[in-house]
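Summarising the annotation, TrEMBL assigns domain 'YjeF C-terminal' to 59-368. Residues or ranges marked as (6S)-NADPHX binding site by TrEMBL: GLY172, ASN225, ILE226, ASN227, GLU228, TYR229, LYS230, LEU231, ASP294. What TrEMBL lists as ATP binding site is 265-269, 284-293.
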Amino acid sequence: MSSSVALSGCFENCMLASSAVFRRQLFLIRSLGGNCCRVHMDRMQEAEGAGAATLEADAEGIIRKITPVMDPRRYKGQAGKLAVIGGCREYTGAPYFAAISALKIGADLSHVFCTKDAATVIKSYSPELIVHPVLEESYGVRDDEKASVFGKVVGEVKKWMERFDCLVVGPGLGRDTFLLDCVTGIIRHAREANIPIVIDGDGLFLVANNLDLVKGYSLAALTPNINEYKLLVKKVLDCEVNDQEASEQLKLLARGIGDVTIFRKGKLDLISDGETVNKVSISGSPRRCGGQGDILSGSVAVFSSWSRQHLSSTKEATEKSLSNPMVLGCIAASALIRKSAALAFASKKRATLTTDIIECLGRSLEDICPTE
């Protein structure tokens, strides 16, 4: 028996342990050449494709299942208490979009923890938000004060921590080194309190440079844009983004970081916790105005907290991935934002802004899950 046939026969009886092993095996087969090898290579590629199957999520069914009923016996806070960690001198719109979206979907209370410079501006956008001007940037803190100020900032957020059902970390955060140090401390306390965390915007820059912040934390969801996704792939997998094997690469990325859920945005949204990959392909809008990612992060936070409540109160059997509140939250948020964006675009066309999409959130949710 030739070495090429023996090698191929061995492969035929083996399970592929990882994408890296798979690529090395294909390389060996190509190197050995021959028609027999080519047949086995084709079989291996088919097996790899089957292993990376992407499931179309029943997004609207999930929304109907996890959205709490409007019950007059419920009290303030039971439909969700969320906090956004972000907002600095340069960026005040992003934390507002994330926080107000949560309220428009149906959360009861929405907080924003931001710098003093951003607080008045964010408060002026809406009286509905509870704004805490507690974050500090380097320019306002002397070197000999940093340790005490760090403790004060983290302490101010920590005393509120256990009231929250979910944190959104990153919208409008900026990249000031001292501010990021403070947010690092906040994330660690959130993990200790077992509070779900949605990481977006500059929070992803922080996490990409300190993966241990979320590594192994199943209640973390990352919502990167295309450039943030490239950074994560480079940091974790040490390669470039592969659109041809998008599902498999996303699954490997989630596994590589460890137990987190990752929401890969695109023409089709892909969501993975490292176990399965779910797809949401509901039609959205071709308009790509800034701020839609901030709406998404706030929406993921609301739906994840609702999913967690639902899962804790039901005994029905579900697939493993659909028992993960972060996966459910991402699927639901993807569908709602897509429907809201499509509704806004139908009216405003090229003039569509993020504020127009926010105003369509309630109607879109009502279309999927009527209040009565």
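Even glycines carry a Cβ here, placed using N, Cα and C.
Automatic, uncurated: that is what TrEMBL annotation is.
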At the Cα level, what's the spacing in Å between LYS265 (ATP binding site) and ILE226 ((6S)-NADPHX binding site), rounded?
7
Cα of GLY172 ((6S)-NADPHX binding site) to Cα of ARG287 (ATP binding site), in Å and rounded, measures 21
Any idea what the Cα distance is from SER285 (ATP binding site) over to ASP294 ((6S)-NADPHX binding site), rounded to a whole Å?
16
For LYS265 (ATP binding site), what is the tally of other C-beta atoms lying within 10 angstroms of its C-beta?
19
For the (6S)-NADPHX binding residues given in the record (GLY172, ASN225, ILE226, ASN227, GLU228, TYR229, LYS230, LEU231, ASP294), what is the largest pairwise C-alpha separation in angstrom?
20
How many Å separate the Cα atoms of GLY293 (ATP binding site) and ILE226 ((6S)-NADPHX binding site)?
11
If you count the other CB atoms within 10 A of the CB of LYS267 (ATP binding site), including all protein chains displayed, you should get 6
For LYS230 ((6S)-NADPHX binding site), the closest of the binding-site residues by C-alpha position, picking from ASP269, ARG287, CYS289, GLY291, is ASP269
Determine, using Cα-Cα distances only, which of these binding-site residues is closest to ASP269 (ATP binding site): ILE226, GLU228, ASP294.
ILE226
For SER285 (ATP binding site), what is the tally of other C-beta atoms lying within 10 angstroms of its C-beta?
22
Averaged pLDDT, computed only over the residues in the domain 'YjeF C-terminal' (59-368)
96
